[in-house]
Amino acid sequence: MRKPAPRSPKPRNPKPRHPAPGKTMPRGEATLREPTPHTPVFGLMAEFSRPETLVDAIASARKAGFRRMDAYSPFPVEGAQQALGFEDNRVPWLTLAGGVFGAALGYGMQVYTNAAYPIDIGGRPLFATPAFMLITFELMVLFAVIFSIGGMLALNRLPRLHHPVFDIEAFHLASSDKFFLVIFGDDPKFDDGATRRFLEGLEPVGVALVRHTEAPE
Amino acid sequence: MSDVAGPSRDRFAAVTEEVTSIPLRYPEPRGWWILFAFALLLLMVFVVSAGALLRYGVGMWGNNIPVNWGLAISNYIWFLGIGHAGTLISAMLLLLGAHWRNALNRFAEAMTLFAVVCAGLYPILHLGRPWLFYWMAPYPSTMTVWPQFKSPLTWDFFAVLTYLTVSVLFWYIGIVPDLAATRDRARTRRQQVFYGLAALGWRGSARHWARWGQAYRLTAAIAVPLVVSVHSEISLLFAAGPIPGWSSTVFPPYFVLGAAFSGFAVVAMIAVVLRHALGLQDLVRERHLDLLGIFLLATGLMTAYGYWAEVFDVLYAGEKQELGTLQDRLVGAYAWSYWGAVVANFVPLQLLWFRSIRVRPLPLFLIALSVTIGMWLERYMLLVTSLYRDWLVSSWAEYHASVWEWGLFAGMLGVFLAPFLLFVRFLPVISSFEIKEVMAEDEEERHA
């Protein structure tokens with residue numbers, strides 16, 4: 001796994017491969033969804049055999065003015081996210097919200113039930129904060145994790161069992177040892193021929209046109 | 001992983017193939033079936049023992065006043081403790097950036113899941129009327145009463161429920177990318193449908209990986225304190241009671257460390273068996289066995305310190321009842337459990353000081369087995385030696401587990417083994433994408 005503090009790319013590589021920090025895309029663009037079926041095609045896909053080549057390709061595409069793209073890799077590739085200019089911190093915020101919600105629910109539940117049905121045991125306090133803390137903690141953890149993972153899946157629009165990229169023959173290698181870049185068909189600069197020539201200039205293993213999945217008949 | 005020869009993309013493909021070929025074309029079906037038949041037999045023992053319990057009640061068991069907890073609760077603590085090591089290996093070592101965890105985390109987490117299921121079943125079966133266990137949950141009922149939230153029993157309900165849910169979710173989002181890899185390599189229709197559904201349509205998008213990484217790391221960061229809280233809570237079942245030998249502040253850390261100790265022992269045993277049975281020697285290497293041995297030794301010595309602190313506590317305080325319990329432990333009717341725990345936990349353990357022992361599968365397996373048994377004896381000892389001599393001499397009585405309790409214990413091992421074997425057979429047991437990620441990073445470092 002990547003080392004902790006993954007958001008500060010290490011300067012060990014002298015070649016500047018990522019866009020300068022702070023030069024990320026505007027938020028709305030970065031988190032925008034994939035092309036809708038109204039565009040002519042889903043996009044053009046280029047296949048690479050090394051993670052570094054993929055990151056370089058993303059950087060070149062961004063330099064060439066493309067903005068709407070995504071990369072696919074068998075494992076998290078260091079630098080790909082930064083090269084795409086993708087920045088989305090909704091998952092951490094959702095986790096925090098889940099934690100706050102769970103803690104409030106846990107503590108509130110114990111206060112409410114003790115108030116609703118008071119039982120005096122040897123004159124001990126009805127609202128015993130130290131004793132309540134354990135369940136408060138457990139529910140905080142429970143909801144933080146459910147919000148975190150549930151939020152991750154929802155923001156990623158998963159589960160989604162079929163997807164246009166799955167129609168590409170070579171794409172089954174995206175879970176093994178190949179790295180793919182797709183320039184979306186709704187990119188303002190997208191042009192079937194020119195974009196294909198651009199991608200072929202990056203010396204990929206191959207370039208393929210990704211069509212939209214047909215609607216169920 | 002850096003010292004495997006060959007260009008990295010071949011190695012990426014080789015790792016993928018090695019990991020995904022196990023569920024797709026299981027290499028040793030005969031050995032697996034023998035083990036699975038054995039696990040099913042144990043599972044049948046469970047069904048019979050639990051059925052007898054449900055039919056005739058806890059009178060079938062040997063526990064009674066004053067020892068009213070017995071095997072059910074000591075096994076509960078033992079199973080849950082074993083489970084904790086899976087979370088610690090997976091979550092703590094992830095956060096520490098210890099890459100070697102990637103060869104172990106998947107099956108360690110699976111071990112956690114099934115151990116927690118076994119643990120959770122025990123207190124429910126011990127309730128007397130197990131079918132009313134949902135009374136522990138706060139729900140607006142016609143009885144208008146609520147659970148007693150100041151009781152450790154209720155804390156336990158929430159702790160185990162949370163721990164089970166978090167473990168399942170953490171394990172599942174960790175396995176999804178490998179399920180996708182298995183899906184992409186599946187050849188038969190049945191496999192394609194099964195792995196296709198299970199992988200949720202994962203396609204390795206960079207956006208997905210980014211959010212996935214956030215959720216995975218955050219869950220890991222939350223899971224580590226969760227482990228500490230869950231086992232501390234269980235120790236409070238003891239420590240909060242006014243029983244000599246229990247009411248001690250050393251209990252929470254003592255329990256947590258003992259849990260990690262027993263769990264690392266079981267992880268070491270599973271690692272040795274799996275690497276041998278599935279031929280995973282190039283992924284689970286000598287280095288991993290070595291590190292597991294070191295962890296086992298370290299947590300074992302910490303547990304030994306707990307033993308010593310417990311005795312010191314009693315001697316220093318000088319309370320008559322506490323001294324009496326200490327004497328019962330050292331020379332009483334259950335002294336075998338105390339000395340059995342001391343010997344099985346700490347004597348073979350000392351061999352792990354030597355690297356030559358740590359890297360050899362068989363000695364490591366035997367030492368880990370000894371620790372697993374030793375920790376079981378410890379849980380039994382803590383429970384029974386404190387309870388069998390109550391404050392009042394008139395209520396002293398010994399405890400002997402009945403055949404039904406032993407039957408349930410054997411059956412519970414089946415409850416653990418059967419799903420674990422299914423996991424080994426049908427799911428990727430090693431985290432291939434994390435291994436590939438580290439390979440890529442190592443290579444980049446070498447180039448730089």
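Even glycines carry a Cβ here, placed using N, Cα and C.
These figures come from a predicted structure and were not determined experimentally.
Copied over from TrEMBL, here are the features:
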{"type": "TRANSMEM", "residues": "B:32-56", "note": "transmembrane segment"}
{"type": "TRANSMEM", "residues": "B:76-98", "note": "transmembrane segment"}
{"type": "TRANSMEM", "residues": "B:110-137", "note": "transmembrane segment"}
{"type": "TRANSMEM", "residues": "B:157-181", "note": "transmembrane segment"}
{"type": "TRANSMEM", "residues": "B:215-234", "note": "transmembrane segment"}
{"type": "TRANSMEM", "residues": "B:254-277", "note": "transmembrane segment"}
{"type": "TRANSMEM", "residues": "B:289-308", "note": "transmembrane segment"}
{"type": "TRANSMEM", "residues": "B:336-354", "note": "transmembrane segment"}
{"type": "TRANSMEM", "residues": "B:366-388", "note": "transmembrane segment"}
{"type": "TRANSMEM", "residues": "B:408-427", "note": "transmembrane segment"}
For the transmembrane segment (B:336-354): best-contacting stretch of B:76-98, B:157-181, B:366-388, by Cβ pairs under 8 Å: B:366-388
Feature contact check the transmembrane segment (B:157-181) with the transmembrane segment (B:366-388), CB under 8 Å, 3 or more pairs: no
Surrounding residues of the transmembrane segment (B:289-308) on its own chain - C-beta under 8 Å, 6+ positions past either end: 100, 104, 250, 253-254, 257-258, 260-261, 264-265, 267-268, 271-272, 342, 345-346, 349, 352-353, 355, 357-361, 364, 367-368, 371
Non-local residues, at least 6 beyond the ends, that sit with Cβ under 8 Å of the transmembrane segment (B:157-181): 16, 19-20, 80, 83, 86-87, 90-91, 105-106, 109-110, 112-113, 116-117, 119-120, 123, 136-137, 147, 195, 198-200, 202-204, 212, 215-216, 219-220, 222-223, 226-227, 229-230, 233-234, 427-428, 431-433
